[in-house]
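**Student:** Attaching a single structure in structure tokens format; questions to follow.
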Amino acid sequence: MVVGDISTGTDVAVVGAGPGGYVAAIRAGQLGLDVTLVEKDAYGGTCLNYGCIPSKAMITASGVAHEAGHAEEMGVYADPDVDVAEMVDWKDGVVDQLTGGVEKLCKANGVNLIEGRAEFAGSDKLRVVHGGDGQGSETIEYEHAIVSTGSRPIEVPGFDFGDDPVLDSRQALAMAELPSSMVIVGGGYIGMELSTVFAKLGVDVTVVEMLDGILPQYGDDIARPVRQRAEELGIDFHFGLAADSWTDTDDGIVVTAADEDGEETEFETEKVLVAVGRQPVTDTLNLDAVGLEPNDDGRLETDHEARTDVENVFAIGDVAPGPMLAHKASKEGEVAAEVIAGEPAALDYQAVPAAVFTDPEIGTVGLTEDDAAAQGFDPVVGTFPFNASGRALTTGHDDGFVEVVADEESGFLLGAQIVGPEASELVAELGLAIEMGATLEDVASTIHTHPTLSEATMEAAEHALGHAVHTLNR
Ligand SMILES: Cc1cc2nc3c(=O)[nH]c(=O)nc-3n(C[C@H](O)[C@H](O)[C@H](O)COP(=O)(O)OP(=O)(O)OC[C@H]3O[C@@H](n4cnc5c(N)ncnc54)[C@H](O)[C@@H]3O)c2cc1C
Ligand SMILES: NC(=O)c1ccc[n+]([C@@H]2O[C@H](COP(=O)([O-])OP(=O)(O)OC[C@H]3O[C@@H](n4cnc5c(N)ncnc54)[C@H](O)[C@@H]3O)[C@@H](O)[C@H]2O)c1
């Protein structure tokens, strides 16, 4: 136990041990720097403890349960008995295994771990308050600091996450008992991934989305198969409505949402999950002390080296500009550590993939056809539908397609959009192709194992070149 104020010095102080911070710390340790990682809650951050990993575990488990009970077409008749408390225990076990691994890896790479809440205490100084009563605080003097404090869910006014029927994604993923019904406010990443989980587990799910469709960052072609499947699962969608209040009733609660003319619609439900985006955690860091000010989004502006306006302070992950994705946070962490160690490193956002783990999945990387045209390319597009893929048909999941985008003149691959089975995995091959400067010809002439879903990427490239074999050419 640490009591009173002690003072230490370090080359690199990393604040926050999520996929940005712990990767930065490990990389800095590998590069021979003295590094101190401060975490106030749990190693692995939002992603490992409350986000990516728990949600993907529950997506898999609910998918297994649903598939087992819906395989009559394959001659399988089963009525799975789901114990949600055991499912949640299994999910927690997966999380513990991973977070324990992060702690061990940090120690093995010489990272000093400090448990407590850090804030800036002047130029080149952090103050860390340890958890619990009487545990004291310490001051860390640093040469460089990396801010990786992540994000928290945005609250809709009137929907306080502390009030029992109102849940954020963390609380929803920890429920050991399921409600009979749930309204999900927001049809974005979390709304769509978790609506699928709860619908597959038999909850009566309603999604209330402010805009006129789900997953607004993706085009209609990509979102359509996801919405169709969600409707088949019984999810009820209401668009153009913003949730504004809820009240208790004898049987649960009523959530009220209004359209842009103020016309109100009421939804009776047992629980309401609010997933309307996340905001960066920069307001608790006493940034004034170091001369930093967040932008209007609450983020810290950074340059191509992940450096903020203050020379020796870096910002990575959800607190920095760009998509709030774990792999983007980790890459920024590596770059920040390498720059601090004097290595030649810079951020390159040309091929940041994204995946939505819905049913079917979405996987994208690089430019869409419209983006490519806007950037002055002359785009050529090739597609391949999964209902023409032998492997997709043998898995019973043949919704969706692969689309590749390339520059017509040079043939260089510029982007890919996939909706369909294992899209989150398939997109990796095309990300590598873009990074390596591969052409359509390179992808088309690579022999892919048969029968696999990955053949669809080769087929889409062949289609763009005008010599598709298993689908009609343009
Ligand atoms: C339900 C859900 C599912 C998701 N699924 C995916 C997915 O499938 N794929 C994907 O790429 N992304 C996913 N994300 C997003 C992903 O979790 C984030 O982009 C990622 O965690 C960001 O990493 P980070 O290191 O910037 O911050 P975080 O992971 O949020 O970590 C920040 C850490 O900093 C600590 N901290 C904050 N303030 C202080 C302080 N003052 N002192 C000390 N410590 C502090 C916090 O306790 C936390 O541990 C998901 C998010 C959610 C909520
Ligand atoms: N697979 C993944 O990579 C993954 C999964 C989950 C979360 N995430 C990350 O976490 C972030 C947060 O996820 P999210 O789903 O909370 O945000 P989101 O930005 O993806 O979606 C929020 C949705 O809520 C809607 N909305 C906003 N206010 C509303 C209101 N009052 N009533 C009804 N609808 C409203 C928005 O129009 C939007 O469609 C994501 O942006 C993503 O970066 C990633």
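Every residue gets a Cβ built from N, Cα and C, even glycine.
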**Student:** Swiss-Prot has G186, G187, G188, Y189, I190, A275, V276, G277, R278 binding NAD(+). Which one of E209, E293, E301 is in the same site?
**Tutor:** E209
**Student:** Do you know offhand how many angstrom separate E39 (FAD binding site) and C52 (disulfide bond) by C-alpha?
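**Tutor:** Between the alpha carbons of E39 (FAD binding site) and C52 (disulfide bond) there are 19 Å.
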**Student:** Can you tell which of the binding-site residues (G45, G186, G188, G277) has the fewest other C-beta atoms within 10 angstroms of its C-beta?
**Tutor:** G277
**Student:** Fill in the CA-CA distance, G186 (NAD(+) binding site) to G45 (FAD binding site), as an integer in Å.
**Tutor:** 23
**Student:** For each of the binding-site residues (E39, D41), count the other CB atoms lying within 10 A of its CB, then report the residue with the highest count.
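**Tutor:** Compared across E39, D41, the most Cβ atoms within 10 Å surround E39.
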**Student:** Which of these binding-site residues (D41, G45, A275) have a C-beta closer than 6 Å to some atom of ligand 2?
**Tutor:** A275
**Student:** Those recorded positions, D41, C52, A118, G186: which ones have a Cβ sitting under 6 Å from ligand 1?
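**Tutor:** If the test is a Cβ under 6 Å from any atom of ligand 1, the answer is D41, C52, A118.
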